[in-house]
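Trainee: Sharing a structure here in structure tokens format.
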């Protein structure tokens, strides 16, 4: 079968093969080395890329913008406050307009159906910068980071995602591990585990790739021997703070603490987080939570002690957003 990534969307990684994902990871490493060495060649000169952000962003916006500029492309940042999107114009109509002006479109927002609609009607490649269901660019960065910090073959790397596993991070880490033949474990209270339909789909991918999938409430079973511990915030963007009470009660045993990291039994275990992280009470939201729940003053989903330790590789993970996003755009648009 011919191998061609040109003009490809990146919507969830569901429709990407293992070979295609590994190609994007290899290209990411090549582009990262070239940037560090000062030998990067611009492959996107003359390209224009629209960046639609219905949800706020630091890493995703900066990664797309710097990656595009490095490669010679121009970007336009579009949010609901500066456009007609969602107010006077549907996403379908927006797609048909932007597709005539831009070579590619990034979307960060809410339902997966919205980014799918963009892809259906734009006529140009569409890249998912985050939806409620999936976060594919983050997944490429996460796997690249794990490869860089583990000398095992990809198929032997094990990781656990612990916390609220119904969100885009839990879904996406399950999906990419299944696609790449990794040892992936999802650990959460029963009420916060991924949907059964997603687990079933990923189990089918695992049979093809040789991946080992574990979905469990049992913390000790999930963390035993893992190379990496992933987590994410307990309340995602757009959810009201009122939901914190019941979520904290459910998730407190799943907080990433020094003790939990020790329970892995791996002295080389690393901590990963897509960021931003509530690891202390120095942010506005962190202070609000600490005032109501004093036991979380030293961190919510992860404690300050773990976050500020050498175990934490979240900032290298964040940098890799840029290199992997650059690879996605170069593969599709160059």
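Residue numbering: from 1, along the chain as shown.
The backbone N, Cα and C atoms fix where each Cβ goes, glycine too.
Pulled these features from Swiss-Prot for this protein:
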type    : residues                                                   : note
BINDING : 57, 58, 59, 60, 84, 108, 135, 136, 137, 138, 274, 275, 321 : carbamoyl phosphate binding site
BINDING : 168, 232, 236, 237                                         : L-ornithine binding site
Trainee: Just how many other Cβ atoms lie inside 10 Å of the Cβ on residue 84 (carbamoyl phosphate binding site)?
Mentor: 13
Trainee: Listed carbamoyl phosphate-binding residues 57, 58, 59, 60, 84, 108, 135, 136, 137, 138, 274, 275, 321 - what's their greatest C-alpha to C-alpha distance in Å?
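Mentor: Taking every pair of listed residues, the largest Cα separation comes to 30 Å.
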Trainee: Write out the long-range same-chain contacts of residue 59 (carbamoyl phosphate binding site), meaning residues 6 or more apart in sequence whose Cβ is under 8 Å from its Cβ.
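Mentor: Non-local contacts for residue 59 (carbamoyl phosphate binding site): 274, 275, 318, 321.
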Trainee: Ranking the binding-site residues 57, 137 by other Cβ atoms within 10 Å, which is at the bottom?
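Mentor: Candidates: the binding-site residues 57, 137. Fewest Cβ atoms within 10 Å: 57.
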Trainee: So of all those binding-site residues, 57, 84, 135, 137, which one's Cα sits nearest to residue 168 (L-ornithine binding site)?
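Mentor: Spatially nearest to residue 168 (L-ornithine binding site) by Cα position is 135.
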Trainee: On the three-state reduction of DSSP, what should I expect for residue 168 (L-ornithine binding site)?
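Mentor: Looking at the DSSP assignment, residue 168 (L-ornithine binding site) belongs to a helix.
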Trainee: With Cβ-Cβ distance below 8 Å and at least 6 positions apart along the chain, what are the contacts of residue 232 (L-ornithine binding site)? List them in sequence order.
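Mentor: When sequence neighbours closer than 6 are ignored, residue 232 (L-ornithine binding site) has 161, 163, 164, 167, 169, 170, 273, 274, 301 within Cβ distance under 8 Å.
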